[in-house]
Structures are given as C-alpha cells and as structure tokens.
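Just below is one structure, and these are the notes that go with it.
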Amino acid sequence: PAQVNGSHLGLTMFLMLTPNESSFQKVEDVPQYVQQATPVFVGLMLLELLVGVLKTGASVITIGDGLTSLSAGMISRLPLLLMRGCELSAYMYVWNWYRLVELPWDSAWTWWFTLVGVDFGYYWVHRTAHEVSILWAAHQVHHSSEYYNLTTALRQSLTQQFTSWIFYLPLALAVPPPIFAVHLQLNLLYQFWIHTELIRDLGPLEWVFNTPKHHRVHHGRNLYCIDKNYGGILIIWDRLFGTFAQEGDKVIYGLVFPINTFEIVYVQLHYYLYLWRRSSTYQTISDKLSTFIKGPSWKPGKSWLGDHDDNPKVTGKEVPHYPRWSLHLQVYVVVHFLLVLFTYHDLFGNKMILSQSAIVGMTSYILLTLTSLGFIIDQKPAAPVLEMSRCGVMVAMQRYSYMKPLLPALAVPTEVKPPVLSQVTQEKIHIHISYIST
C-alpha cells in the first residue's frame, strides 16, 4: 500500500484530502491510513494532555483509564493479523458477484457519493449497535470509559467488526472496493478528534457535522443523552431520523451501570456473559431470544427497546472509578505497557514474514500482558502470581527470539551460557566422575 506523509495524515481526519489524491484503482494501492496515523494519534493525545493541564490545572487522562482504552484499541486490531477486515472482505464478495453497475473509480462524483453512503451506513451500524442487545454487547466497550478524551476514541471492540459489514453491502452494488476502503478509513479517522472536552462549540458547523459537542451527548448516561447522536461525520442523519439531542446538563460519561474495572478481557466480553445469564432466568424460548435481539433495556412485557425506569438517577455529582495505587506501580505498569506496545508494533510490521506459530505466540503474549496489567491496576489478589508468570513468558520469548528486547543490553539476562572450563579442570571432573561410578 502507498505511504502517506504526516501532514496528509493529519488532514485525513478533517476530510481535507481531494478525491484526486485519495482515489485508487486497486484495493492493494489503498494506503493504510489508520495504521499510518498512529504518530498523529500520539501527538494529538499529548497535545490534549498539555492543553488540559494548562486550561484546567489537572490531567484530562488517567493512567488506568487511558491504558485500558489503548489496550482495547490494540486488541480490536488483532484479528487483522490472520484475515482481511470483515467489512472489506464481505464487500468485495458482493462486488465481484452481484454488482449492478460500476461507478468510475476516478470520478469525484463517485468519491463524494461514497463519503455520504459510508456515513449513512455507519449511522445504521451505530444505531443498531445500541438497539440490539447482542450488538450492544460488542459496542458497549466503546462506552465503558467514565472519561471523555482522545484515548476514549481508541477504546474499540474486538467483536463489533464481525457484524458491522452487513450495513455497507448495498454500496457494493455500484461503488468500487478501493473507494469504499478509503472512506471506511476516513470515516473512522474523522471520529478520533471529536472525543474531547476541550473543544466546546464550533458554531454553524454544528448544524451539519458531528462535533465534540454532539458526540459528548452520545457518550453520556444522562437520561437525555441515551441513544442519541449516532452520526459519524454528519449529524444530519440524527436530525432526519429523530435521534438528535443538544448538549444540556453536565454530561456524565460511561455505561448506565459502570463496570468499575480496568481488566481488559472483562471490558471486552462481560456483557455477553451477562446476556446469557439473564436469558437463563426466563422460561419461554421467545423471552430467551428477545434477550439477545431486542434492546438492552428490554424486559418481558415492555416495548422492543424497553425503557429506562430502572436506570440509576444521574445527579451530576458522580465520580469516575479511580482506584488509588502507588506511584512505583504506576511507573511499572506504564513501562511494561510501552514494552508490549513495542512488541505489538513489531508484530504488525513483520506479520508477512512471521510464521503462524510466531503470530499466535506473540498475540497470546500481548493478551496476557494487557490482562496482567489490568489486574495490577485493579489491585486484584491474583495480580502478583499472574505478573510473575507473564515475566517468565516474556524472558522465554526473548530467549527463543519470538520477540526482541527494546535495547540489546536487555537481552543479557536471558542469555545463559555454560562456563568455559580449562583442560585441567575437565580432566579432574572426569576422574572424579569415574571414581564415583566405581
């Protein structure tokens, strides 16, 4: 895929690429905009951190929540090591076998039509993810943070990608896959910068575009915020379909029932287990199935989406979950997160030349590390044992070259070599062994 320079990567978030420079004839030529945008993500998060301290006197990002969001983003991309994205794969299948017309790939009209079409599809992906419980089980990951900053944008679901592809298939009847692949990424990149509290109001732009002000409402658990403002790039879909809400009372972020943990596997998968347990309490097949296909607030005797009568009342004085933990533990967790981030980057950079077993081994190590760090942040009793085991796995993987240390000097402790013995010493040992044998 083509490489894009840093200035262009920043512009992609604001759709400031021209159709001419972002239209491609082959899918293989489409740049990996999201992957290449990592330096921009890091730069903007650091900028938000700095501006937040200068503006409010406090950090807008906490270590526990921020690392959990980044961990979720890392986990969400792991399936791409073994397969092409579900959305693009399904799209290409429909395009190859069922397309009705073929819009010209190099036309500006095709480019703009696809931008609007992908955003319209995303609106329904997003809305359905809130209105169907089994889909909400995936999407709730993104809403599980009680903070709202740029790291929250990266708190993505491992499983949502396996169902979202359905809503884009109508475009495959006419739009070439390379143009779709471009806009799928641009739509995602645009939504990164709107996850911030530092930008308050953008004036007339608020009428047409999704902005930080509108998206803050979407992440709130206040009654007026729930199931509102689904748009990706454009807010006009919410205005048209009656799901728009203006920012009003102070927004309290997170799930209606906060999960109060930073353990990443639980964050990703806990709601599936909750649905299974809930369905088992019902007697009829109809109610059991309804648990999964109706709204998260549904209960027998209520409408398809249910209601919010049982929601905890939001007072505006809620305090996010913030466990107290020592400074040296915070430093330890940050250092080891950076080490596993290095391994993660190395894995994606070399996935084409690594064996299947190496990919599985490194992926398992990444999951083990992120889980163990979550245990430490939560200060779970099992954290010391799990972390010691993880460190043993890390040493073994370095020893057998499944992963390389950040610095060559760090490899020294894992390189255990037998001492070199003199000829005289070897003869003495041989005589001694012979004597013992006799």
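Glycine is treated like the rest: Cβ placed from N, Cα and C.
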Of 327-345, 384-402, the range TrEMBL labels transmembrane segment: 327-345
Correct range for transmembrane segment (source TrEMBL, candidates 84-104, 357-377): 357-377
Counts of helix, strand and coil residues, the domain 'Alkylglycerol monooxygenase C-terminal' (329-416), according to DSSP: 68 helix, 0 strand, 20 coil
Outside the transmembrane segment (165-186), six or more residues from its ends: residues with CB under 8 Å to it: 12, 15, 17, 22-27, 29-30, 32-34, 86-92, 94-95, 98-103, 105, 110-111, 113-115, 117-118, 121-122, 124-125, 128
